[in-house]
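Below you'll find the structure, written out as structure tokens, and then a few comments.
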Amino acid sequence: MLLLPLSVLLLLTQPWRSLGAEMKIYSQKTMANACTLVMCSPPEDGLPGRDGRDGREGPRGEKGDPGSPGPAGRAGMPGPAGPIGLKGDNGSAGEPGPKGDTGPPGPPGMPGPAGREGPSGKQGSMGPPGTPGPKGDTGPKGGVGAPGIQGSPGPAGLKGERGAPGEPGAPGRAGAPGPAGAIGPQGPSGARGPPGLKGDRGTPGERGAKGESGLAEVNALRQRVGILEGQLQRLQNAFSQYKKAMLFPNGRSVGEKIFKTEGSEKTFQDAQQICTQAGGQLPSPRSAAENEALTQLATAQNKAAFLSMSDTRKEGTFIYPTGEPLVYSNWAPQEPNNDGGSENCVEIFPNGKWNDKVCGEQRLVICEF
């Protein structure tokens, strides 16, 4: 009962402005909990009293249900890198990626072992002549040559001194006695008597001056021969190089024979005419070496070529253009067979074997010089 008069007293002592605010706050608080100030009986017509002091904190309630998650915050700054972990197990192989660009070429490897020698390639065209090489060193002095021919006799030596006089000859015959006369002057000498006996040989005269020796002429001749031999050797070397150049690439040399082709194909008669106009003839191989040279030319052109032999004079008997019988042959098996009855000429295959052939067909032209 005392609370109500005290509350009224407090209200009367407050200013009116603050009283309105107090009333609003009070009404809000009393609405939240009407039993905070007055617990015993309902209010009467009097004004509510001031708020009492807050009571002690009640017991903690049960944990409520978790609220709905809030929106994700922005990612923070990356933290420092942690220590390197242990190597994990290898993962399964992924699908092959696209082919990368070709890398730069690597350094050249060590040269491999030499391969087997391949077949001879087709000869290239003749290159330009090379420049003459430097003059070679003087060769060693040659040995003593054979003795030269005897020189011509030297001029006669000087005339020797006159030898000693010979012995007096025998007295001549007495003249006919003259008439006795006065003693006149001495008469002329009588006729000369016959020659006396040959006197002894006089002493040898002095040795004449030495004549010119024939050895000088021999030495001069040897020197000229040596010069000619050197010139001949240089000429032979130059000719050998020239011959090799002329034969490259479509020629071969065997001994004193030269085989050359320009690659054209003609009938037997036309081929004969071409070779004759060039100063040669169709080839007549007389040995395995000559046949091998022709084989190389046929192989380089990959064509069969005509040879000079034929059996037009006597069927089955092949002879050279000179009429001589063959001294060498290299027929293919079961050849010559005169197939068709008109195979009177001979061709050489790129493998070197021979075959009788119709003369009117065209084959590679090779000329022999």
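Even glycines carry a Cβ here, placed using N, Cα and C.
Each of Cys275, Cys345 is a candidate, yet Swiss-Prot gives the disulfide link of Cys359 to Cys345. For Cys359 (disulfide bond) paired with Cys275 (disulfide bond), the C-alpha to C-alpha distance reads 16 Å. In this structure the alpha carbons, written CA, of Cys367 (disulfide bond) and Cys345 (disulfide bond) are 16 Å apart. Proximity of Cys345 (disulfide bond) to non-local residues of its own chain (separation of 6 or more, Cβ distance below 8 Å) is seen for Phe268, Phe306, Leu307, Met309, Ser310, Asp356, Lys357, Val358, Cys359, given in sequence order. Proximity of Cys275 (disulfide bond) to non-local residues of its own chain (separation of 6 or more, Cβ distance below 8 Å) is seen for Gln281, Leu282, Val365, Cys367, Glu368, given in sequence order.
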